[in-house]
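Chemist: Feature table excerpt (Swiss-Prot):
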SIGNAL    1-26  signal peptide
DOMAIN    29-134  domain 'Gnk2-homologous'
DISULFID  Cys36-Cys112  disulfide bond
BINDING   Asn37, Arg119, Glu130  alpha-D-mannopyranose binding site
DISULFID  Cys88-Cys97  disulfide bond
DISULFID  Cys100-Cys125  disulfide bond
Amino acid sequence: MKTMRMNSAFILAFALAAAMLILTEAANTAFVSSACNTQKIPSGSPFNRNLRAMLADLRQNTAFSGYDYKTSRAGSGGAPTAYGRATCKQSISQSDCTACLSNLVNRIFSICNNAIGARVQLVDCFIQYEQRSF
């Protein structure tokens with residue numbers, strides 16, 4: 001009887017430890033692929049402001065919009081509109097989705113060298129942005 005209780009306690013402890021590992025696993029932000037437009041965003045371009053605002057919108061809202069979110073940010077004074085889409089794997093948590101997209105937003109300009117349009121895939125998330133609707 002005592003052995004059975006010890007086995008049950010061991011199994012319960014093992015199950016709890018396994019659950020903790022699963023729950024604390026961070027988003028996988030390893031680079032997978034990219035496709036970058038050859039045109040670059042001109043320094044000081046009004047499009048750059050629209051693009052950064054649109055990327056912030058993607059980062060903040062994708063996890064709460066079914067893990068697939070499209071948006072655009074119009075510019076004032078004739079500045080080009082920035083169009084974007086972000087997705088996350090359905091199997092990750094909302095906080096991991098947001099963390100993955102935050103990581104990608106911080107890296108996307110260096111990955112694509114300030115391209116006017118880009119598609120970048122990390123293991124757990126994806127962002128596409130363009131100067132035209134898609």
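Any Cβ shown, glycine's included, is placed from N, Cα and C.
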Chemist: Express the distance between the Cα positions of Cys88 (disulfide bond) and Asn37 (alpha-D-mannopyranose binding site) as a whole number of Å.
Modeler: 22
Chemist: What subset of the recorded positions Cys97, Cys100, Arg119, Cys125 lies within 10 angstroms of Cys36 (disulfide bond), using C-alpha positions?
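Modeler: Cα filter at 10 Å returns Arg119.
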Chemist: Return the residue, from the listed disulfide-bonded residues Cys36, Cys88, Cys112, Cys125, with the maximum count of other C-beta atoms within 10 angstroms of its C-beta.
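Modeler: Buried the deepest by this measure is Cys125.
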Chemist: What counts of helix, strand and coil residues does DSSP assign across the domain 'Gnk2-homologous' (29-134)?
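Modeler: Helix, strand, coil within the domain 'Gnk2-homologous' (29-134): 37 helix, 32 strand, 37 coil.
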Chemist: How many Å lie between the Cα of Cys97 (disulfide bond) and the Cα of Asn37 (alpha-D-mannopyranose binding site)?
Modeler: 25
Chemist: Which one is closest to Arg119 (alpha-D-mannopyranose binding site) in space, judged by CA to CA distance, out of the disulfide-bonded residues Cys100, Cys112, Cys125?
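Modeler: Spatially nearest to Arg119 (alpha-D-mannopyranose binding site) by Cα position is Cys112.
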Chemist: Return the member of Asn37, Cys112, Glu130 nearest to Cys100 (disulfide bond) in space, with distance defined Cα to Cα and candidates limited to these recorded positions.
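Modeler: For Cys100 (disulfide bond), the spatially nearest of the recorded positions is Cys112.
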